[in-house]
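*Asks:* Pasting in a structure now, in C-alpha coordinates, and then I'll have a few things to ask.
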(Lines of atoms letter the chains of each structure in order from A and count residues from 1; the text may use other names and numbers.)
(Lines give C-alpha, C1' and ligand atoms only; values in the text may rest on other atoms or scores of the structure.)
Protein backbone atom coordinates (compact mmCIF):
# COMPACT_ATOMS: atom_id res chain seq x y z
CA UNK A 1 0.00 0.00 0.00
CA UNK A 2 1.41 3.35 -1.06
CA UNK A 3 0.79 6.23 1.33
CA UNK A 4 0.61 9.57 -0.47
CA UNK A 5 0.07 13.10 0.86
CA UNK A 6 -0.86 16.08 -1.30
CA UNK A 7 0.28 19.47 -0.02
CA UNK A 8 0.29 22.98 -1.48
CA UNK A 9 -0.76 26.58 -0.93
CA UNK A 10 -4.35 27.18 0.16
CA UNK A 11 -6.58 27.64 -2.89
CA UNK A 12 -4.10 26.10 -5.34
CA UNK A 13 -6.45 23.25 -6.25
CA UNK A 14 -5.20 20.40 -4.05
CA UNK A 15 -8.60 18.84 -3.42
CA UNK A 16 -9.61 19.11 -7.07
CA UNK A 17 -6.29 17.68 -8.26
CA UNK A 18 -6.37 14.89 -5.67
CA UNK A 19 -9.90 13.76 -6.51
CA UNK A 20 -9.37 13.88 -10.27
CA UNK A 21 -6.09 11.95 -9.92
CA UNK A 22 -7.73 9.38 -7.64
CA UNK A 23 -10.48 8.95 -10.26
CA UNK A 24 -7.72 8.19 -12.78
CA UNK A 25 -6.17 5.60 -10.47
CA UNK A 26 -9.58 4.05 -9.75
CA UNK A 27 -10.25 3.84 -13.48
CA UNK A 28 -6.98 1.88 -13.76
CA UNK A 29 -8.42 -0.60 -11.27
CA UNK A 30 -6.55 0.65 -8.21
CA UNK A 31 -8.21 0.48 -4.81
CA UNK A 32 -7.84 3.93 -3.26
CA UNK A 33 -8.74 5.54 0.05
CA UNK A 34 -8.91 9.34 0.38
CA UNK A 35 -8.57 11.02 3.77
CA UNK A 36 -9.51 14.69 3.79
CA UNK A 37 -7.34 16.56 6.30
CA UNK A 38 -9.08 19.92 6.03
CA UNK A 39 -11.81 21.40 8.27
CA UNK A 40 -13.66 22.48 5.08
CA UNK A 41 -14.30 18.76 4.46
CA UNK A 42 -14.29 19.14 0.66
CA UNK A 43 -11.66 16.53 -0.18
CA UNK A 44 -14.09 13.78 -1.24
CA UNK A 45 -17.16 15.65 -2.50
CA UNK A 46 -16.55 15.03 -6.21
CA UNK A 47 -15.89 11.33 -5.66
CA UNK A 48 -19.17 11.07 -3.73
CA UNK A 49 -21.27 12.86 -6.35
CA UNK A 50 -21.48 16.09 -4.38
CA UNK A 51 -22.45 14.66 -1.01
CA UNK A 52 -21.04 16.62 1.90
CA UNK A 53 -19.73 13.79 4.01
CA UNK A 54 -20.22 13.77 7.78
CA UNK A 55 -16.76 14.16 9.26
CA UNK A 56 -14.98 11.92 11.74
CA UNK A 57 -14.92 14.66 14.38
CA UNK A 58 -18.62 15.51 13.92
CA UNK A 59 -19.46 11.81 14.25
CA UNK A 60 -17.35 11.54 17.40
CA UNK A 61 -19.00 14.63 18.88
CA UNK A 62 -22.50 13.29 18.22
CA UNK A 63 -22.05 9.59 18.91
CA UNK A 64 -19.22 9.47 21.42
CA UNK A 65 -16.76 6.60 21.33
CA UNK A 66 -19.24 4.11 19.82
CA UNK A 67 -18.18 4.75 16.24
CA UNK A 68 -18.06 2.05 13.56
CA UNK A 69 -15.98 2.22 10.39
CA UNK A 70 -19.08 2.43 8.19
CA UNK A 71 -20.14 5.57 10.12
CA UNK A 72 -17.13 7.51 8.88
CA UNK A 73 -16.17 5.94 5.53
CA UNK A 74 -18.30 6.20 2.41
CA UNK A 75 -17.85 4.42 -0.93
CA UNK A 76 -17.35 6.79 -3.84
CA UNK A 77 -16.50 6.65 -7.55
CA UNK A 78 -15.39 3.14 -8.56
CA UNK A 79 -15.31 1.94 -4.96
CA UNK A 80 -12.93 4.59 -3.67
CA UNK A 81 -13.12 4.78 0.12
CA UNK A 82 -13.71 8.34 1.32
CA UNK A 83 -13.42 9.94 4.74
CA UNK A 84 -13.10 13.49 6.09
CA UNK A 85 -11.32 14.26 9.35
CA UNK A 86 -13.17 17.57 9.76
CA UNK A 87 -12.23 20.09 12.42
CA UNK A 88 -13.31 21.81 15.62
CA UNK A 89 -16.11 24.34 15.75
CA UNK A 90 -14.92 27.66 14.26
CA UNK A 91 -12.89 29.65 16.77
CA UNK A 92 -12.52 26.72 19.16
CA UNK A 93 -9.70 24.21 19.37
CA UNK A 94 -7.01 23.07 16.95
CA UNK A 95 -7.74 21.68 13.49
CA UNK A 96 -4.32 20.01 13.33
CA UNK A 97 -5.13 18.12 16.51
CA UNK A 98 -8.35 16.96 14.82
CA UNK A 99 -6.37 15.33 12.02
CA UNK A 100 -4.30 13.40 14.55
CA UNK A 101 -7.45 12.22 16.37
CA UNK A 102 -9.14 11.18 13.12
CA UNK A 103 -6.23 9.25 11.61
CA UNK A 104 -5.57 7.45 14.90
CA UNK A 105 -9.25 6.45 15.08
CA UNK A 106 -9.18 5.14 11.51
CA UNK A 107 -6.15 3.02 12.41
CA UNK A 108 -7.84 1.66 15.54
CA UNK A 109 -10.97 0.73 13.55
CA UNK A 110 -8.90 -1.14 10.96
CA UNK A 111 -9.42 1.21 8.01
CA UNK A 112 -5.98 0.31 6.60
CA UNK A 113 -6.16 -3.44 7.26
CA UNK A 114 -5.24 -5.96 4.56
CA UNK A 115 -8.87 -7.01 4.10
CA UNK A 116 -9.54 -3.79 2.16
CA UNK A 117 -6.79 -4.56 -0.38
CA UNK A 118 -5.83 -0.91 -0.64
CA UNK A 119 -3.27 0.07 -3.28
CA UNK A 120 -3.18 3.72 -2.18
CA UNK A 121 -4.08 5.99 0.70
CA UNK A 122 -4.20 9.69 -0.19
CA UNK A 123 -4.04 12.41 2.46
CA UNK A 124 -5.34 15.74 1.14
CA UNK A 125 -3.81 18.25 3.56
CA UNK A 126 -4.81 21.87 4.19
CA UNK A 127 -2.56 24.69 3.04
CA UNK A 128 1.08 25.11 3.92
CA UNK A 129 2.74 23.10 6.67
CA UNK A 130 2.06 25.76 9.28
CA UNK A 131 1.56 23.70 12.43
CA UNK A 132 2.49 20.31 13.81
CA UNK A 133 -0.98 18.86 13.31
CA UNK A 134 -1.01 19.46 9.58
CA UNK A 135 2.54 18.13 9.36
CA UNK A 136 1.34 14.93 11.04
CA UNK A 137 1.17 12.79 7.86
CA UNK A 138 4.82 13.71 7.25
CA UNK A 139 5.99 13.64 10.84
CA UNK A 140 4.51 10.35 12.01
CA UNK A 141 5.27 8.35 8.89
CA UNK A 142 1.60 8.15 7.91
CA UNK A 143 2.55 9.30 4.42
CA UNK A 144 5.65 8.07 2.63
CA UNK A 145 5.51 10.10 -0.56
CA UNK A 146 4.57 13.75 -0.94
CA UNK A 147 3.41 15.60 -4.03
CA UNK A 148 3.21 19.38 -3.91
CA UNK A 149 0.60 21.16 -6.03
CA UNK A 150 1.92 24.53 -7.16
CA UNK A 151 1.77 27.06 -9.99
CA UNK A 152 4.00 29.77 -11.40
CA UNK A 153 2.63 32.33 -8.94
CA UNK A 154 5.10 33.58 -6.37
CA UNK A 155 3.16 32.59 -3.25
CA UNK A 156 2.47 29.09 -4.60
CA UNK A 157 6.20 28.59 -5.18
CA UNK A 158 7.01 30.09 -1.79
CA UNK A 159 4.59 27.64 -0.13
CA UNK A 160 6.07 24.71 -2.10
CA UNK A 161 9.53 25.66 -0.87
CA UNK A 162 8.25 25.90 2.73
CA UNK A 163 6.67 22.46 2.48
CA UNK A 164 10.04 21.12 1.30
CA UNK A 165 11.55 22.50 4.53
CA UNK A 166 8.95 20.47 6.45
CA UNK A 167 9.78 17.32 4.49
CA UNK A 168 13.50 17.86 5.09
CA UNK A 169 12.88 18.26 8.82
CA UNK A 170 11.10 14.91 9.13
CA UNK A 171 12.79 12.91 6.34
CA UNK A 172 15.12 11.02 8.66
CA UNK A 173 12.60 10.31 11.42
CA UNK A 174 9.51 9.56 9.34
CA UNK A 175 11.10 8.21 6.17
CA UNK A 176 9.02 10.55 4.02
CA UNK A 177 10.20 11.55 0.53
CA UNK A 178 9.17 14.07 -2.11
CA UNK A 179 7.74 12.48 -5.25
CA UNK A 180 7.52 15.65 -7.31
CA UNK A 181 5.76 18.92 -8.05
CA UNK A 182 2.38 18.99 -9.81
CA UNK A 183 1.97 22.26 -11.69
CA UNK A 184 -1.71 23.23 -11.65
CA UNK A 185 -1.45 25.94 -14.27
CA UNK A 186 -2.62 29.51 -13.67
CA UNK A 187 -1.41 30.56 -17.14
CA UNK A 188 1.51 32.54 -15.74
CA UNK A 189 4.22 33.54 -18.24
CA UNK A 190 6.90 30.83 -18.67
CA UNK A 191 5.08 28.74 -16.06
CA UNK A 192 6.08 25.28 -17.24
CA UNK A 193 9.76 26.21 -17.61
CA UNK A 194 9.79 27.99 -14.24
CA UNK A 195 8.32 25.04 -12.31
CA UNK A 196 10.63 22.61 -14.12
CA UNK A 197 13.57 24.76 -13.02
CA UNK A 198 12.23 25.07 -9.45
CA UNK A 199 11.90 21.28 -9.33
CA UNK A 200 15.45 20.86 -10.66
CA UNK A 201 16.91 23.21 -8.03
CA UNK A 202 15.00 21.51 -5.22
CA UNK A 203 16.30 18.17 -6.52
CA UNK A 204 13.00 16.71 -7.70
CA UNK A 205 10.84 16.59 -10.86
CA UNK A 206 7.78 18.32 -12.19
CA UNK A 207 5.79 15.12 -12.44
CA UNK A 208 3.00 16.66 -14.52
CA UNK A 209 1.82 20.00 -15.91
CA UNK A 210 -1.98 20.24 -15.63
CA UNK A 211 -3.20 22.85 -18.14
CA UNK A 212 -5.87 25.30 -17.02
CA UNK A 213 -9.30 24.41 -18.40
CA UNK A 214 -12.69 25.75 -17.33
CA UNK A 215 -14.11 22.29 -17.95
CA UNK A 216 -12.75 21.32 -14.51
CA UNK A 217 -15.10 23.89 -12.94
CA UNK A 218 -17.98 22.68 -15.11
CA UNK A 219 -17.47 19.14 -13.84
CA UNK A 220 -17.30 20.47 -10.26
CA UNK A 221 -20.60 22.35 -10.67
CA UNK A 222 -22.06 19.00 -11.71
CA UNK A 223 -20.47 17.49 -8.58
CA UNK A 224 -18.18 15.12 -10.41
CA UNK A 225 -14.55 14.61 -11.34
CA UNK A 226 -13.69 15.31 -14.97
CA UNK A 227 -13.19 11.59 -15.71
CA UNK A 228 -16.62 10.81 -14.26
CA UNK A 229 -18.39 13.77 -15.92
CA UNK A 230 -16.95 13.36 -19.43
CA UNK A 231 -14.34 10.60 -19.82
CA UNK A 232 -13.74 11.63 -23.46
CA UNK A 233 -12.68 15.21 -22.67
CA UNK A 234 -9.03 16.17 -23.15
CA UNK A 235 -8.73 17.30 -19.53
CA UNK A 236 -9.70 13.79 -18.40
CA UNK A 237 -6.63 12.53 -20.25
CA UNK A 238 -4.45 15.01 -18.33
CA UNK A 239 -5.57 13.52 -15.02
CA UNK A 240 -5.16 9.99 -16.39
CA UNK A 241 -1.59 10.92 -17.36
CA UNK A 242 -0.90 12.31 -13.89
CA UNK A 243 -2.36 9.18 -12.27
CA UNK A 244 -0.18 6.97 -14.48
CA UNK A 245 2.95 9.01 -13.70
CA UNK A 246 2.32 8.76 -9.95
CA UNK A 247 1.69 5.02 -10.33
CA UNK A 248 4.96 4.57 -12.24
CA UNK A 249 7.04 7.04 -10.22
CA UNK A 250 10.37 5.82 -8.88
CA UNK A 251 11.95 9.20 -8.05
CA UNK A 252 11.65 9.86 -4.32
CA UNK A 253 14.05 12.40 -2.85
CA UNK A 254 14.86 14.40 0.24
CA UNK A 255 14.39 17.92 -1.16
CA UNK A 256 16.89 20.75 -0.97
CA UNK A 257 14.80 23.85 -0.16
CA UNK A 258 15.96 27.15 -1.62
CA UNK A 259 16.92 30.26 0.28
CA UNK A 260 14.42 33.08 -0.27
CA UNK A 261 17.01 34.96 -2.35
CA UNK A 262 17.36 31.98 -4.70
CA UNK A 263 13.60 31.76 -5.06
CA UNK A 264 13.35 35.46 -5.90
CA UNK A 265 16.17 35.20 -8.43
CA UNK A 266 14.30 32.33 -10.11
CA UNK A 267 11.19 34.51 -10.39
CA UNK A 268 13.23 37.37 -11.85
CA UNK A 269 15.01 35.04 -14.28
CA UNK A 270 11.73 33.79 -15.71
CA UNK A 271 10.16 37.20 -15.98
CA UNK A 272 7.45 37.20 -13.33
CA UNK A 273 9.09 40.02 -11.38
CA UNK A 274 9.54 42.27 -14.42
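Glycine is treated like the rest: Cβ placed from N, Cα and C.
Per Swiss-Prot, the feature ATP binding site maps to 8, 9, 10, 11, 12, 13, 14, 15; the stated evidence is sequence analysis. Sequence annotations record features per position, and here Swiss-Prot assigns [4Fe-4S] cluster binding site to 94, 131. The annotation ADP-ribosylarginine is assigned in Swiss-Prot to 97 on the grounds of sequence analysis.
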*Asks:* Expressed to the nearest Å, what is the distance separating residue 13 (ATP binding site) and the residue listed as 'ADP-ribosylarginine' at their Cα atoms?
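*Replies:* Residue 13 (ATP binding site) and the residue listed as 'ADP-ribosylarginine' have their Cα atoms 23 Å apart.
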*Asks:* What's the CA to CA span in angstrom from residue 11 (ATP binding site) over to residue 94 ([4Fe-4S] cluster binding site)?
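*Replies:* Cα to Cα, residue 11 (ATP binding site) and residue 94 ([4Fe-4S] cluster binding site) are separated by 20 Å.
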*Asks:* Which three-state DSSP class does residue 8 (ATP binding site) fall into?
*Replies:* strand
*Asks:* Looking only at C-alpha atoms, tell me how far residue 14 (ATP binding site) is from residue 94 ([4Fe-4S] cluster binding site), rounded to the nearest Å.
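*Replies:* Here the two Cα atoms lie 21 Å apart.
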*Asks:* Can you tell me how far the Cα of residue 10 (ATP binding site) sits from the Cα of the residue listed as 'ADP-ribosylarginine', in Å?
*Replies:* 19
*Asks:* Across all protein chains in the structure, which of the binding-site residues 12, 94 has the highest Cβ count within 10 Å?
*Replies:* 12
*Asks:* Counting other Cβ atoms within 10 Å of each residue's Cβ, which of the binding-site residues 8, 11, 13 comes out lowest?
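*Replies:* Among the binding-site residues 8, 11, 13, the sparsest Cβ neighbourhood within 10 Å belongs to 11.
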*Asks:* Might you list, by sequence position, any residue in that chain lying six or more from residue 15 (ATP binding site) with a Cβ less than 8 Å away from its Cβ?
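*Replies:* Counting only residues 6 or more apart in sequence, the Cβ neighbours of residue 15 (ATP binding site) under 8 Å are 36, 38, 42, 43, 45, 124.
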